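As written in TrEMBL, here are the features:
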{"type": "TRANSMEM", "residues": "20-38", "note": "transmembrane segment"}
{"type": "DOMAIN", "residues": "22-488", "note": "domain 'Major facilitator superfamily (MFS) profile'"}
{"type": "TRANSMEM", "residues": "109-128", "note": "transmembrane segment"}
{"type": "TRANSMEM", "residues": "140-157", "note": "transmembrane segment"}
{"type": "TRANSMEM", "residues": "163-186", "note": "transmembrane segment"}
{"type": "TRANSMEM", "residues": "229-249", "note": "transmembrane segment"}
{"type": "TRANSMEM", "residues": "288-315", "note": "transmembrane segment"}
{"type": "TRANSMEM", "residues": "335-351", "note": "transmembrane segment"}
{"type": "TRANSMEM", "residues": "372-389", "note": "transmembrane segment"}
{"type": "TRANSMEM", "residues": "395-416", "note": "transmembrane segment"}
{"type": "TRANSMEM", "residues": "423-443", "note": "transmembrane segment"}
{"type": "TRANSMEM", "residues": "463-483", "note": "transmembrane segment"}
Amino acid sequence: MDLAITEKPFPFFHPKSRRFHLVLLIMLMMFCAIWMRSNLAMTMTCMVNTTALAIQASNSSSSVKNLHNLTNIQQVPSSCHAQIEDGEQRTVINDYGGSIIWDAKAQSLIFSGNFYGSLLTILPAGYFADRTSPSNMMQIAMLIFITCTVAFPYLAMYSSYQIVVFSRVIMGLGEGIMAPAMNAMITNWLPNHEKATSAAIFTSGNQLSGIVGLPIAAAFCASQWKWPAVFYCASFLGIVWLIIWRLTVTNTPRKSSLITVKEKAYLEKVVVMNRPQMKNFKTPWRHIFTSVPFLSCVLCSFSGMMVMIIIQLYIPTFFKEVLFLKVVDNGFYSAAPYIVQFFAKLLWSLLMDKLKEKRLLSQTASCKLSQGLSTAIIVVFLVLLGYVPDCKNPYIAVLLVCVMGSGFGIGINGFYASILSLAPAYTGILSSIQMVIGFTGMIVTPQLVSYFRVYGTLEEWRIIFFIIAGSMLVSGIIFVIFAEAEIQSWAKFDNISEKSQHNLLNGAESLNDKAGKEQTVILIKK
């Protein structure tokens, strides 16, 4: 018996939308994982004994070229929160009462340890994300994050910094697994025309980790529980997420028992499973590494990750050293850019989707516009951040960082959305390669900071900001010229149907057309 069922598009923003639930869970994973990784941005300022390090630096026999000597550093007005002795020209110290002696080199290695670990797993993870269970891979990644985060306070207080670096490298193994698996899940569940919005939502976990995590970390630092409580709190939230994910999520809509019949039927029509049915298939490595649109995304990933590390890991240190903020004030001021970033990203994503729906912008034009605007904002305000900040008016510096954060949020609809659209069948592999270069940018940034930042003066930070702004400008120009956001010809398979080929080639535009029409009749045979 044949039963004809006509299905209408099932909305993404709907209380029963399972793919919307999935995107929210991925957002919460990003929140937990990135908070576990980046809470060090705030806790480092209250773990480390700044006074001892300043004395150590002033007594060091090593010279640093092109940097100011301690005797040339001007005194800070008494209106700023700094420890200064009257009548003396000396190092200006803003100490949060830490007890650990980690110099700039040790801090740099600890900050970048995650990214070294990620480099070891990111490519294998991309390979397996396209062939195995990305859901299980995300659970493994979270287990690694939780274990390393729980162990961190003990290792920091009772072992050498080398052991701490090693623990961060292990954590990085989990981060390398997380990114390709997450992208593979999005590819399995979301049609092309919803990917930009979904990317804006789930990557908001990054902003939430700053909005919520930084003030909490600062409050713990100033409390009787001190900084170790930050790591235990983050680990607990990770455990809660892991249990929920394990009980509710499947790799594909077809396997889900929680999805509605209507949504499952809709997704089976519009989400083209681009992975070949063959167990063995060749990855088009030559096409991937010679794809100019893909390489332009990779360059943006490198510079974008440098900006992200500055915002995520070093803004609290910058506010401490240049603005001389108290620890609790630092936590709230450092969270402000994430709030702006969060709303800028969501509003811009909705605007881009609306313009694409009305055919005022193509998918490619949307990505180029987003990345171009993001680049312009970040470059201009990074340069200003190297000149304008004044500890007597800290709000000016906070405003500059907030606007810069909005630029980073807009950029999510640029190179990141492009990556998800170029080759859906190889999303895991492409995202792995992109993240390798991105993690390289994450590794370079702490080394750059530790080389130029000795005493934490604005002049030292200015050099760092200029270098990153230059990198951002070059990659942004290349992306605007060469980027695309349509499925590439080498990403198609001969063994999929002509209808699927048509959907692949038309990408977001063909799917947007379908969103306003009733879907083709599905025949169910009994």
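Here the Cβ of each residue, glycine as well, is placed from N, Cα and C on the backbone.
Keep in mind that this is a model prediction, so the values were computed, not measured.
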Practice prompt. For the transmembrane segment (423-443) and the transmembrane segment (140-157), check the count of CB pairs under 8 Å (sequence separation 6 or more) and say whether it reaches 3 or more.
Written response: no
Worksheet item: When each of 140-157, 163-186, 463-483 is checked against the transmembrane segment (229-249) for Cβ pairs under 8 Å, which one has the most?
Response: 140-157
Response to the item:
Sequence-distant contacts of the transmembrane segment (372-389), meaning Cβ under 8 Å and at least 6 residues beyond its ends, amount to 307, 322-323, 396-397, 400-401, 403-404, 406-408, 410-411, 414, 458, 461-463, 465-466, 468-469, 472-473, 475-477, 479-480
Response to the item:
Averaging the pLDDT values of the domain 'Major facilitator superfamily (MFS) profile' (22-488) gives 84
